[in-house]
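Novice: Not my notes, these are from Swiss-Prot:
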- G119, T120, N121, G122, K123, T124, T125: ATP binding site (BINDING)
- R390, D414, N415, P416, R417, G465, E469: meso-2,6-diaminopimelate binding site (BINDING)
- K228: N6-carboxylysine (MOD_RES)
- 414-417: motif 'Meso-diaminopimelate recognition motif' (MOTIF)
Amino acid sequence: MNLRSLLASTPTQVLQPQHAALDLAITGLQTDSRRCQPGDLFLGMPGTQVDGGQFWPEAIAAGAVAVIVTPTALAQRPLSANPEACLILSDQMPVTAGAIAAAFYNQPAQTLKLIGVTGTNGKTTTTHLVEHFLNAADTKTALLGTLYNRWPGYSEVAQHTTPFATDLQAQLATAVDAGCQAAVMEVSSHALDQGRVNGCGFDVAVFTNLTQDHLDYHGTMEAYFAAKARLFAPPYLRGKAVINADDAYGQRLITMTPPGQCLTYSVVGTADFCTTDLQYGPTGVEGTIKTPDGAFPFRSPLVGQFNLANLLGAIAAGWTLGLPIETMLAVVPDFVGVPGRMERVVGQDSDPTVIVDYAHTPDSLENLLKAARPFIQGELICVFGCGGDRDRTKRPLMGEIAARLADRVIITSDNPRTEDPRQILADIVAGIPAASPVVVEADRAAAIRQAILSAQPGDGVLLAGKGHEDYQILGTTKIHFDDREQARLALAERQSA
C-alpha cells in the first residue's frame with residue numbers, strides 16, 4: 001500500500017519532500033522508533049510524559065521511509081535533523097494513527113461483528129461471557145482484554161487492556177485471517193482518551209459502571225466519564241448501546257444515547273433486561289430473567305450481585321447480535337469463570353476458604369467483601385494494598401471499606417512501582433478508624449502467609465488487588481509474584497504443621 005492512499009482523509013500536512021514521495025510503498029507501521037525496519041511508516045504518538053514523535057530521526061535512521069509527527073515533536077527535533085526525510089505533520093495523531101492503521105490492515109473492524117465493553121469494573125467478566133455465548137453459537141470469536149488476546153488456535157498475554165491503534169488493527173486483521181466472525185474487546189478510558197480504537201465501529205457497546213479509579217490520569221470523575229461516554233456516540237457506535245441502569249453514570253449515558261439505539265439492564269429495578277425471584281448461594285445464583293422476548297428461568301455459577309449485572313449485560317449484548325436467550329442461558333452453567341476473578345484456591349476441609357480477586361478500586365473491593373460475606377461461616381480476613389504511581393485518593397477509601405466489611409484486615413504492598421511502599425500503606429491506614437483490627441505488613445508474601453496460617457477452619461481469606469497478575473512491580477523492576485502461588489504455599493505449610 002502506498003503512502004498517498006494511507007493519508008487519504010487524514011488530518012495531515014506533508015512538509016517535505018514534494019508529493020512524488022507519497023507514492024512510496026509502505027510495508028509496515030511502527031510507533032516505536034527502535035522497532036522500525038526498512039519500508040516502515042513511523043507514527044510518532046504523543047504520550048503523557050514524552051512525545052514519541054521526537055524520535056523521528058532515529059526512525060528514519062532505522063529504515064522508516066516516512067514519519068508522521070506532531071508540531072510539538074517537530075519543535076523538539078526540527079527538520080534540520082534530517083533534511084531529506086519524508087516528514088508529515090498531524091495535530092491529531094490519535095485520529096491519524098487510527099485511520100492509517102485501519103486502512104493499512106484493510107479495515108478489519110468492518111468485517112467483524114465488533115462488541116466493546118467499557119466501565120470501571122466488570123469488563124473482563126462481561127467480555128468473557130459474550131465470547132462464551134458467541135462460541136456456543138458457532139460464531140468464531142476473538143477476545144481482546146486485560147488478560148490476553150485470543151481466538152481459537154491463538155493466545156498471547158495482553159500488554160494493555162486495549163492495544164494501541166496499530167497493534168489493535170493488526171490483531172483484528174489477524175483474527176479475520178484466522179476466520180473469526182466477531183471480536184469482543186475491553187475498551188479502557190485511556191484507550192478512548194488516546195484514540196486507540198479510532199478506525200473501529202462497534203455493533204454493540206456495553207457500559208458496566210463508573211466508580212472512582214484512574215483519577216491520576218483523568219483528574220476528575222467528570223473527565224473520566226467523558227472519556228467512557230465517547231464509546232456511545234459516532235464514530236465509534238454504529239449499532240446498539242447496552243447500559244447498566246443501576247449505575248448513576250449509566251442513567252446519564254442513557255439520556256445521551258439516541259432514542260431507539262439503547263438497551264438497558266438492571267439487577268435491582270426495571271429495565272429491558274432485569275431479574276426477579278433471585279436466590280443467591282455459595283455456588284452462584286438462580287432466578288428469572290425478564291427480556292424483550294419474555295421471562296426465562298436461569299442458573300449461574302457466578303457469585304455476587306455484581307456478577308449478575310455482568311451476566312445481564314452480556315446477555316443483552318448477545319441478544320442484540322441475534323443470539324436466542326435460550327441458547328445463552330443453556331450454556332451459562334458451563335461458564336468456568338475468569339482467572340483472578342473470585343478465584344478460589346482450593347485447600348483441605350480444615351483450611352480457610354481462600355479467594356483471589358482483582359478488586360483494586362473502592363467499589364470493586366466493597367462488592368467483593370459483600371459477595372463473600374454470606375458464604376463465610378467464621379471471620380472474613382482481607383489482605384490488600386494499593387498500586388504506586390496511581391490514584392492516591394482511593395487509598396483511604398479502600399482502607400475504610402476493608403475495615404468496615406472485614407473482621408480482620410492486613411494491609412500490604414500491591415505494585416508500589418517508584419513510590420515508597422511505606423507512604424502507600426500510610427495513605428491506606430489514614431482511612432481506617434483507630435480501633436479497627438488492622439495489621440500492616442509491607443511484604444505481600446508474608447502478609448498472605450500470616451493471613452492463611454492465622455485463619456481458623458470456616459474463616460475466609462480474601463486476597464484482593466492483583467487477581468490474575470503473575471508479577472509485582474518494585475521500582476521499575478517487574479518480578480515474578482502470583483497471589484495464587486503464595487496462597488498454595490501457605491496452605492501447604494498449614495497442612496504440614
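Even glycines carry a Cβ here, placed using N, Cα and C.
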Novice: Count the Cβ atoms, other than its own, that fall within 10 Å of the Cβ of R390 (meso-2,6-diaminopimelate binding site), considering every protein chain shown.
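Specialist: The answer is 19.
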Novice: Can you tell me which recorded positions out of K228, R417, E469 are within 10 A of T120 (ATP binding site) by Cα, answering none if there aren't any?
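Specialist: Near T120 (ATP binding site) by Cα: K228.
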Novice: Using a Cβ cut-off of under 8 Å, list the residues of the same chain at least 6 residues beyond the motif 'Meso-diaminopimelate recognition motif' (414-417) that approach it.
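Specialist: Sequence-remote neighbours of the motif 'Meso-diaminopimelate recognition motif' (414-417) are 360, 384-390, 424, 444, 465-466, 469, 472-476.
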Novice: Rounded to the nearest Å, what's the C-alpha distance separating D414 (meso-2,6-diaminopimelate binding site) and the residue listed as 'N6-carboxylysine'? Just drop the number here, would you?
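Specialist: On Cα coordinates alone, these residues lie 26 Å apart.
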Novice: DSSP says what for the motif 'Meso-diaminopimelate recognition motif' (414-417): how many helix, strand, coil residues?
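Specialist: Across the motif 'Meso-diaminopimelate recognition motif' (414-417), DSSP assigns the residues as follows: 0 helix, 1 strand, 3 coil.
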Novice: Could you state the whole-number distance in Å separating the C-alpha atoms of G119 (ATP binding site) and K228 (N6-carboxylysine)?
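Specialist: G119 (ATP binding site) and K228 (N6-carboxylysine) have their Cα atoms 7 Å apart.
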Novice: Near the ATP site, what residues other than G119, T120, N121, G122, K123, T124, T125 in the same chain have a C-beta no further than 8 Å from the centroid of the listed C-beta atoms?
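Specialist: Neighbours found: V117, T126, E186, T208, N209, N310.
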Novice: Among residues R390, D414, N415, P416, R417, G465, E469 annotated as binding meso-2,6-diaminopimelate, what is the maximum Cα-Cα distance? Answer in Å.
Specialist: 17
Novice: Of N121, G122, K123, T125, K228, which is closest to R417 (meso-2,6-diaminopimelate binding site) if I measure between C-alpha atoms? They're all recorded positions.
Specialist: N121
Novice: Determine, using Cα-Cα distances only, which of these recorded positions is closest to N121 (ATP binding site): K228, R390, N415, P416, E469.
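Specialist: Answer for the nearest of the recorded positions: K228.
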Novice: To the nearest Å, how far is the Cα of T125 (ATP binding site) from the Cα of R390 (meso-2,6-diaminopimelate binding site)?
Specialist: 23
Novice: Just jot down the residues in the same chain as E469 (meso-2,6-diaminopimelate binding site), at least 6 apart in sequence, with C-beta under 8 A of its C-beta; none if empty.
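Specialist: G340, Y358, N415, F481, D482, D483 - these are the non-local Cβ neighbours of E469 (meso-2,6-diaminopimelate binding site), listed in sequence order.
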Novice: With Cβ-Cβ distance below 8 Å and at least 6 positions apart along the chain, what are the contacts of the residue listed as 'N6-carboxylysine'? List them in sequence order.
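Specialist: Long-range Cβ contacts: T118, G119, S189, L192, F207, L210, Y249, L253.
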Novice: Counting distance between Cα atoms, which of the binding-site residues R390, P416, G465 is nearest T124 (ATP binding site)?
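Specialist: Looking at Cα distances from T124 (ATP binding site), the smallest one goes to G465.
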Novice: Compute the C-alpha separation of P416 (meso-2,6-diaminopimelate binding site) from G122 (ATP binding site), stating it in Å without decimals.
Specialist: 24
Novice: With H, G and I counted as helix, E and B as strand and the rest as coil, say where DSSP puts T125 (ATP binding site).
Specialist: helix
